[in-house]
Amino acid sequence: MRGAAATRLLASCELCPRMCGADRLAGKRGVCGAADELRVARSALHFWEEPPISGEAGSGTVFFSHCPLHCIYCQNAGIANGQVGRDITVERLAECYLELQSQGALNINLVTATHYAVQAVAALDRARACGLSIPVVWNTSGYERAELVRALNGTVDVWLTDLRYARPETAKAFSAAPDYPEVARSAIAAMAQSDAQVIVRILALPGHVEEAFENVAWLVNTFGERVTLSMMSQYTPMGAFPQHPELEQRVDPDEFDALLDFVDSLGVEEYFWQEGEAALESFIPDFEACEGV
Ligand code: SF4
């Protein structure tokens with residue numbers, strides 16, 4: 001994941017599970033929407049992650065434009081489709097990391113960085129050489145290749161990953177990624193074998209909360225306390241979904257409470273969960289476009 005060999009990966013990109021083979025060095029765009037540029041939407045302190053990630057000081061979040069997953073219910077579509085963002089150099093990205101550290105950030109929190117993994121890591125190396133010393137959080141949808149997870153061992157200190165779907169048909173309908181359940185579970189297994197802390201976010205989707213139950217059961221039975229659960233109720237409808245009207249509502253609070261009861265019933269003593277309006281703030285921050293970039 002470093003040096004000229006890493007850059008050559010972009011000539012036939014297989015960084016994410018789409019493995020679309022786009023020649024990004026020649027300016028071709030992959031399924032994720034990224035080509036050879038490095039496009040970043042925001043670099044700023046963020047206070048709405050899990051308590052150990054944000055703390056009182058804030059997490060130094062860097063939001064990368066474009067996205068390999070493209071969920072139909074995306075809460076940050078402007079960033080995911082690349083409309084929001086500014087093309088910058090690796091050197092400028094390293095400066096962003098250092099600026100966040102000087103602002104007191106607890107960590108560098110790379111949000112949806114997979115398609116820019118080569119540049120994000122190069123910038124980390126450059127910043128480390130200039131005094132960056134805070135931990136690195138890789139904040140991901142969970143749609144990651146296990147190979148990439150292993151390649152990032154030693155670079156990433158905290159895996160902050162979603163586990164969204166348990167069933168291929170849902171993953172296909174909402175993210176055009178029927179392999180998501182298998183791929184994300186393999187990625188989480190690789191994360192659990194790494195040296196990093198692993199926090200798995202379970203996003204309850206309206207009409208599909210039963211998949212959250214399935215994923216919780218799999219995580220607890222497979223990894224026990226090696227992974228920390230973060231239960232999320234923050235889904236917010238962002239438009240009309242004629243094919244999937246269930247996505248036009250929020251998650252039923254009673255269903256979410258039942259999900260938390262299920263986590264308790266499995267004997268999980270320490271986990272995170274969202275409640276009330278805090279959930280809204282955390283998922284749809286009022287972005288000032290390109291802040292800090
Ligand atoms: S990161 Fe983008 S270009 Fe690379 S394989 Fe995934 S979708 Fe294709």
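Note that Cβ sites are derived from N, Cα and C of the backbone, with glycine treated the same way.
The domain 'Radical SAM core' feature in TrEMBL is assigned to 63-217. For Cys67, Cys71, Cys74, the entry in TrEMBL reads [4Fe-4S] cluster binding site.
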So if I draw a 10 Å sphere around the Cβ of Cys74 ([4Fe-4S] cluster binding site), how many other Cβ atoms end up inside it? 17
Whole-number mean pLDDT, the domain 'Radical SAM core' (63-217), equals 97
Determine which residues of this chain, when Cys67, Cys71, Cys74 are set aside, have a Cβ within 8 Å of the centroid of the [4Fe-4S] cluster site's Cβ atoms, and list them as they appear in the sequence. Leu69, His70, Ile72, Tyr73, Gln75, Asn76, Ala77, Ala80, Ser141, Ser175
